[in-house]
Amino acid sequence: MGSRVSREDFEWVYTDQPHANRRREILAKYPEIKSLMKPDPNLKWIITVMLLVQLASFYLVKDLDWKWVIFWSYVFGSCLNHSMTLGIHEISHNFPFGHHKALWNRWFGIFANLPLGVPYSVSFKRYHMDHHRYLGADGIDVDIPTDFEGWFFCTTFRKLVWVVLQPLFYAFRPLLINPKPITSLEIINTVIQIIFDIIVYYVFGVKSLVYMLAASLLGLGLHPISGHFIAEHYMFLKGHETYSYYGPLNLLTFNVGYHNEHHDFPNIPGKNLPLVRKIAAEYYDKLPQYNSWIKVLYDFVMDDTVSPYSRMKRPPKGNEILE
């Protein structure tokens, strides 16, 4: 468990990300893909049902023994809350109401945020747009780990700890890499979330509140679905910075596993990404891909050639327009 990784720095590259060029090529060859660039109104109902199911689970766990509260928070609540974060990812791309109703999407994101227990939605939108525009850009893309993460989490055991604590690193990393001025919507997101948490405590009790928060912490840490955090952009094969996953967990994650397709066409909702792959199969079938997020987690922890440093990183060009 003490094996030390061989990487001592990020994989610095000086070329543009591949997604814009591939998008132009595919659209020139298959212009019908433009018909997939439309909102997904079903997201409103799917996410609302998910929230109601989680509210019902708050009631069901309120009188359980603590061991069962934690058990169900990992087995059930974590899956639902992680899936909700990926619903918020869909919302950040304005898929429920479309780009012409951007503010409606922001409010719906605040609504979807409620069962997570911590304010997340509005801030995620701001940083996620930078991730798409400037993939891997030093000091801009906060999906890239800090130098401290790469330096310190350099053994098998420490990498396991890093995986467990992923939600904390994702929460605090933006403040260190690319802090942005707080917006009024972020304040509203925070106030509404605190009020909701207080209501959960007074209506259901402390066990339901702990269940909610533990579901988010556990679901975004050492959890099968969390394999997508590493599978998406960590460089297991030299020269490849984005990877797709085509396994069954896409059913719980709004097809976030179709990640090459998503970065190529960030204005196509998750439900249509399998059609992108089907139409332009010759572009995607030849790219490295995964069939198991659990294996991704195992390989990340156990492979001494992979660490938080295993990311392709670019120096910024200086003309970036940030969200």
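In case you wondered, yes, glycine gets a Cβ from its N, Cα and C as well.
Among the features that TrEMBL reports, domain 'Sphingolipid delta4-desaturase N-terminal' is placed at 5-43. Restricting the average to the domain 'Sphingolipid delta4-desaturase N-terminal' (5-43) gives a pLDDT of 95.
Sequence annotations record features per position, and here TrEMBL assigns transmembrane segment to 43-62 (among others). Panel annotation: around the transmembrane segment (43-62), residues 68-69, 72-73, 76-77, 80-81, 83-84, 87, 90-91, 95-97, 108, 111-112, 114-115, 200, 204-205, 207-208, 211-212, 215, 254, 269 of the same chain, lying at least six beyond its termini, place a Cβ under 8 Å from a Cβ of the stretch.
Positions annotated as transmembrane segment by TrEMBL: 68-91 (among others). Within the chain carrying the transmembrane segment (68-91), a Cβ under 8 angstroms from the stretch's Cβ atoms is held by residues 40, 43, 46-47, 50-51, 53-54, 57, 61, 105, 108-109, 112-113, 115-116, 120-121, 124-125, 128, 207, 210-212, 214-216, 218-220, 223, 225-226, 252-254, 256, 269-270, all 6 or more beyond its ends.
Positions annotated as transmembrane segment by TrEMBL: 103-122 (among others).
Annotated transmembrane segment per TrEMBL: 150-172 (among others), in sequence order.
What TrEMBL records for 184-204 (among others) is transmembrane segment.
Note on the transmembrane segment (210-231): residues 54, 57-58, 61, 69-70, 72-74, 76-83, 85, 115-118, 160, 163-167, 170, 197, 200, 243, 245, 249, 252-253, 256-257, 259, 290, 292-297, 300 of its chain, located 6 or more positions outside it, place their CB under 8 angstroms from a CB of the stretch. Residues or ranges marked as transmembrane segment by TrEMBL: 210-231 (among others).
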The domain 'Sphingolipid delta4-desaturase N-terminal' (5-43) - residue tally per DSSP class, helix then strand then coil: 19 helix, 2 strand, 18 coil
